[in-house]
């Protein structure tokens, strides 16, 4: 690699408030790290392709023959094509929203990362998230690797990624609280069982109370923690490493709050990503029957998405079962819930997966180009 350009960065105080908006420098020797193996190695790509094909074959050949499922599968095929086309359109809009938000939060002005690069990162990350689930850990690792290879500093990447997650899932938590409480007290129309309204609202509130105070962590928190064991260097070093997490979270949360207080066009993606995803499910309900009240769809969707935390490929079984169970608890007919959720997952899971694997291959080429051609200082 040629002589590396040095990325300009503001002083520590401003960096802790928000990631610095300066052009990215070249990939330094420290940046020259391997692709995250937990995400998509060559072997994983082949295994993922086999997984996708095998699952499609199962859905197409085996599932229709299972007792009680043949009629349901036929109803999926007989769904209203206009509403299914609308669901497809909403999914494409949700992806566009996600790409715009990703670029607006992760990429500083002057960076050599283009919107096309952001698309490649986004789709590859979505594919990794779909295939490996576990709360999106696979997608997070892949995104961090790509951003580091673009020349961004480790702390900048961490803060921007935390800000992105705070913004995205902040809307998720707020919507779950508002819909849950609103249904329970009668502000919104629909049934309101305690377990899928109040309980998720409580969990969401607790999560916010845990995360938001991290914005108050002192800027020099790692150094303060390290000084707690001055006579034990190993212990001090270990404590400092533990403190780096809250310190990075502080910068990310503050940056997220700054972006929320000063929104630009890309920030609309924070809301439209979720709106269009829920719209996919809403259109899927209409494709097979009468849709439940909108607040019920929103709450059932968000409660079901908690299944993504299970370490299952693509959340298969976790998300599907969670959504179906939530809607049944809301009084939706089981057969209608199964049809709508199956159709939703077809668009939300399968649609981004194959293009995502293709995007990953393109991203690898782009990263190799960054490695060979350092950015201008």
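Cβ from N, Cα, C; glycine included.
Range annotated as transmembrane segment by TrEMBL, chosen from 2-25, 194-217: 194-217. Note on the transmembrane segment (291-310): residues 133-136, 172, 175-176, 179-180, 182-183, 188-191, 196-197, 200, 277-278, 281-282, 285, 317-327, 330-332, 340-341 of its chain, located 6 or more positions outside it, place their CB under 8 angstroms from a CB of the stretch. Within the chain, the transmembrane segment (194-217) has long-range Cβ neighbours (under 8 A, six or more residues past its boundaries) at 166, 170, 173-174, 176-177, 179-181, 183-184, 246-247, 249-250, 253-254, 257, 299-300, 302-303, 306, 326, 329-330.
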